[in-house]
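S.K.: Per TrEMBL, the features are:
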- 1-32: region 'Disordered' (REGION)
- 18-30: compositional bias 'Basic and acidic residues' (COMPBIAS)
- 61-84: transmembrane segment (TRANSMEM)
- 104-126: transmembrane segment (TRANSMEM)
- 133-151: transmembrane segment (TRANSMEM)
- 157-177: transmembrane segment (TRANSMEM)
- 198-219: transmembrane segment (TRANSMEM)
- 225-245: transmembrane segment (TRANSMEM)
- 277-296: transmembrane segment (TRANSMEM)
- 316-335: transmembrane segment (TRANSMEM)
- 347-367: transmembrane segment (TRANSMEM)
- 415-438: transmembrane segment (TRANSMEM)
- 450-472: transmembrane segment (TRANSMEM)
Amino acid sequence: MESETQDLIHRPSVASDEPEKLKDEPELHQSGRHSRTFGIDLVLQPFRWIAMLARELNPSFIFGVFLVYGLSQGFTGSFFRVVSDYYWKDVQKIQPSAVQMFSGLYYIPWLMKPVWGVLTDVFPVYGYRRRPYFIFAGILGTMASLIVSSVTGLPVAMALLCFVGLSVCVAMADVTIDACIATNSINKPKLAPDMQSLCGFLSSLGALVGYSSSGFLVHHLGPQAALSLMAVPAVLLVLLGFVLFESKNYLVSDKEKSWVKVGAAVRGMGRTIKHSAVWQPSLYMFLSLALSISTHEGQFYWYTDKTAGPHFSQEFVGMIYAIGAMASMVGVLIYHKFLKDFRFRTLLFYAQLLYGVSGILDLFFVLRWNLKLGLPDPIFVIMEECTSRIITRIRWIPMIVLSTKLCPLGIEGTFFALLMCIDSLGSLAHKIGGGLLLQALHVTRTDFRNLWLALFIRNVLRLCTLCFIFLVPNASPSDVLVPPDLLKSSGNGDSIDSGDSEHYQETLQLAKLGNGDEV
């Protein structure tokens, strides 16, 4: 009897199996819920990241970055790139080498960023140091876009002046945000890569919208009429100038005191740039841009040529750049998730190496080797654009982070503008250098026989930049690069008095909320 009882106890039964199956079913449901939760978290992660930055840095700062980097730089820059190319090619009928050099002149307002920085820092208008310059920049951009889009038969010089005016609009708005970014990068160094990731992401998002709409609008409105949309971001800058919160300074400094501050800022910049820890990485950033000469206009004319090139339509050209903008956003995410803690020298070395190697894709395309490999033109050019944009973004962001780490306290806004001026000088050199190369190789509106040689020379110069990588500090983004004496003040004997210092810190804020948090 006991043995039968034991058999009944230890014998597996069908009834005992069913609860085990019922136990497995909740696990399956739980894993399904976990996968759905993971997907939701993945979608919400960027919004949580932006919310974290808003808590740490001030929501108004995030709004200003969105307006300036997303609309003024991202949308305007991308839309202008496509529409202006068609304007010079189809309306003004200019040679590609001339357009390449014209595009270099767009950087002149960016070379003057220290001037804009000094104006906004020490020359208030009716007691306000930020709002009037936003309004002035917006009015200038609105007038320039309306003139170039509405006047038929506009002389080349006048059209070029209007385009430079649009560049002034974007550059002046950029100075204020850059000052805020530089200040926050010094006060909260751990968030410096996050701030640059945010700027890069919003710029790429705005570029995506601009590129996506540019080809369609050029096709249906024409390049000249499409330029009228450039007034929209400029008008929003005017609106920002009116709604921006800024405390009025009733104790307006006289001209003599303002010039004393300018002299102190200039002397502080001079002392800072003399340090090897500052001028060496600044020189590398200039060389990396200047040696990477641009052949964009020659390639654009070849893209749209009916006989020598693939003859891409206006809509497809816009789509190429739009997909490239999405790839640029991927580059920002790659940097933010995997590369933001790498040392500057290591990251910039491999980024520059990939930048030079990726240029071979352009050479393959112009020589039509992609067709021999069985890759159609549309697929190959999209692949090339995506690769180039991802590598370019990964190469650019650490240089901007490095620039913010080189700014001393007290003149961080003006000094960061100086560093960006050096970068713009490199961009000016790479545009004009590319134009001279296209002209020397006789690349014209209809003759592209030597375009491959221009691309080959460009790729070699990109790789030559690696010879100067020793100028980049072998430091991480969390390290302090500026000497301690420069971090304490703008320089010996040039410190600003306490009242002016408090007001200066106030002017670096985009807006001050009720809780008094710093931007």
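Along the chain as shown, residues are numbered 1 onward.
Just so it is clear, glycine is given a Cβ too, placed from its N, Cα and C backbone atoms.
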S.K.: Looking at 104-126, 198-219, 225-245, 316-335, 450-472, which one has the highest count of Cβ pairs under 8 angstroms to the transmembrane segment (133-151)?
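M.R.: Against the transmembrane segment (133-151), the leading stretch is 225-245.
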S.K.: Among 104-126, 198-219, 225-245, 277-296, 316-335, which stretch has the highest count of C-beta pairs below 8 Å with the transmembrane segment (347-367)?
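M.R.: Out of the listed stretches, 277-296 contacts the transmembrane segment (347-367) most.
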S.K.: Out of 104-126, 198-219, 225-245, 316-335, which stretch touches the transmembrane segment (61-84) the most, going by CB pairs under 8 Å?
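M.R.: Against the transmembrane segment (61-84), the leading stretch is 198-219.
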S.K.: Restricting to CB pairs under 8 Å, which listed stretch, 198-219, 225-245, 277-296, 415-438, 450-472, is in contact most with the transmembrane segment (316-335)?
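M.R.: It is 198-219 that shares the most Cβ pairs under 8 Å with the transmembrane segment (316-335).
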S.K.: Can you tell me which recorded stretch out of 198-219, 225-245, 277-296, 450-472 has the most Cβ pairs within less than 8 Å of the transmembrane segment (415-438)?
M.R.: 277-296
S.K.: Do any residues of this chain, six or more beyond the ends of the transmembrane segment (277-296), have a C-beta under 8 angstroms from a C-beta of it, and if so which?
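M.R.: Same-chain contacts beyond the flanks: 100, 103, 344, 348, 352, 355, 362, 395, 399, 402-403, 406, 419, 422-423, 425-427, 429-431, 433-434, 437-438, 451, 454-455, 457-458, 461-462, 464-465, 468-469, 471-473, 481-483.
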S.K.: May I ask for the residues of the chain that lie six or more residues beyond the transmembrane segment (157-177) and have a Cβ under 8 Å from a Cβ within it?
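M.R.: Residues packing against the transmembrane segment (157-177) from afar: 64-65, 68-69, 72-73, 76-77, 80, 84, 87, 92, 102, 105-110, 112-113, 116-117, 120, 130, 133-134, 136-138, 140-141, 143-145, 147-148, 151, 230, 234, 237, 413, 417, 510.
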S.K.: Residues sitting near the transmembrane segment (198-219): Cβ under 8 Å, six or more positions beyond its termini, same chain?
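M.R.: Hits for the transmembrane segment (198-219): 46, 50, 53, 62, 65-66, 69-71, 73-83, 86, 181, 226, 229, 313-319, 321-322, 324-326, 328-329, 331-333, 335, 393, 396-397, 400.
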S.K.: By Cβ distance under 8 Å, which residues at least 6 away from the ends of the transmembrane segment (450-472) in the same chain are close to it?
M.R.: 280-281, 283-284, 287-288, 291-295, 298-299, 302, 344-345, 348-349, 352-353, 355-356, 359-360, 362-363, 366-367, 402, 434, 437-438, 441-443
